[in-house]
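Structure record follows, encoded as structure tokens.
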Amino acid sequence: MSGFPEFIYYDDELFVESVPLKQIAEKFGTPCYVYSRSALTKAYQEFDTAFVNRDHLICFAVKANSNIAILNLFAQLGSGFDIVSGGELQRVLKAGGDPGKTVFSGVGKSIYEMRMALEENILCFNVESEAELIALNKIAKDMDKLAPVSLRINPDVDAKTHPYISTGLKENKFGIPAREAERIYKSAHLYPNIRFIGLDCHIGSQLTELEPFTQTSKKMLHLLDSLQAQNLEIEHLDLGGGLGIRYNEEILPSISDYVSALCINTHQIKQRLLIEPGRSLVGNAGILLTRIEYLKHTPARNFAIVDAAMNDLMRPALYDAYHEILPVHKNSGEIKDYQIVGPVCETGDFLGHDRRIGLINGDLLAIMSAGAYGMSMSSNYNSRPRAAEIMVDKDTIHIIRQRETIDQLFSNEKILS
Ligand SMILES: Cc1ncc(COP(=O)(O)O)c(C=O)c1O
Ligand SMILES: N[C@@H](CCCC[NH3+])C(=O)O
């Protein structure tokens, strides 16, 4: 067993659904990201069915994985989207997503991005400051439009996650304190081109406990109550994303436990519930497939130098994040402690430390749980073309992004004449 239902060993060979990963490596080369359509679909459906009869909208956080084939799959399943840039909006449109099911988060929306989103009639802007609200009101006025808005509340709740991905503490740059938000909602008449339709929050990512979500929803309900007491009509409550996935030994609430908890915590209100999950929809549905270039043994360490690197998957280098690493063919070489590293010229370029595994040159490895914040955070550092992306559907292999070519790397650059 691999512990990942769609990535399974048969006779010591790791498969994705019905396809041996070895076949993908031979046909498309490495490194490449490989996703399971079934795992993506099941994760979405687990969210969706857990709401039972509750009016809801799941807005997939595009930043977690922005490949248009994946966005298209979620759109077909009925998903909405949470975007943070004009580029993400264009991806949603290209993928056939519905702008009317799209919310726009982020602290620094540009005038150009706001205009684009107003033109496309998105569902809602999650506004993160008064300055942004003033700018949006002005743009909407110039366009003779009403901008639908939720204020993003900073509830000052500790998400108990990595400090770089914690967003709901008062010292973080995100959202507006509840008191200030209440004052803004009450002065809605100052913003004639804004229609306040919702309340929003998002406290952080890779949360492993339900308690911070519960604490946050209590605070949001409190604010909602006081807005309603003043006859302010709020149509939806957006509770953000943040549910974690299992990377290592973490014990996590299931998707359905999480949704049930949100529904229970908010059972007394009639508003539609929105959520913005990213990682929990795609994280464990994807892997990074890589091949060992060289094994190198020094007096201090054993290194497995692979063809994927920190530019392909930056989570280990950036957050010291753990990703399980599985051999695509089990039982190959002598078992040793290996440092799994890439070819980039940085000591921080590692994919895993101290992994006890048997390896020989040329072996394939699967870096697990790489479906979220993997390809979407990749770069061309060291002038490395970005990896290909593959989606497997039962026994069919689809290439959903071609490997970048060297020519594409500098196609926008120019030598001065
Ligand atoms: C505003 C917003 N919504 C949703 C998400 C998705 O979070 P996650 O991938 O942890 O579900 C993020 C990222 O943390 C975010 O910044
Ligand atoms: N990039 C982070 C998650 C960031 C969430 C953004 N709001 C990660 O890889 O875990």
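Backbone N, Cα and C atoms are what each Cβ position is placed from, and that goes for glycine too.
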Looking at the pyridoxal 5'-phosphate binding annotation from TrEMBL, with Glu276, Pro277, Gly278, Arg279, Tyr373 already listed, which candidate in Gly242, Gly342, Gly348, Gly352 is the matching residue?
Gly242
What binding-site residues among Arg279, Arg315, Tyr319, Glu346, Tyr373 have a C-beta sitting less than 6 Å from any atom of ligand 1?
Arg279
Which site among Lys63, Arg279, Arg315 has the most other CB atoms no more than 10 Å from its CB, taking these as recorded positions?
Arg279
Tyr373 (substrate binding site) to Lys63 (N6-(pyridoxal phosphate)lysine) - Cα separation in whole Å
7
Consider only the recorded positions Arg279, Arg315, Cys345, Glu346, Tyr373: which of them have a Cβ under 6 Å from an atom of ligand 2? Write none if no residue does.
Arg315, Tyr373
Tertiary neighbours of Tyr319 (substrate binding site) (same chain, Cβ under 8 Å, six or more apart):
His162, Tyr164, Ile165
Which of the listed binding-site residues (Glu346, Tyr373) has the least company, meaning the fewest other Cβ atoms within 10 Å of its Cβ?
Glu346
Taking the residues Arg279, Arg315, Tyr319, Glu346, Tyr373, which the record names as binding substrate, find the longest CA to CA distance and state it in Å to the nearest whole number.
27
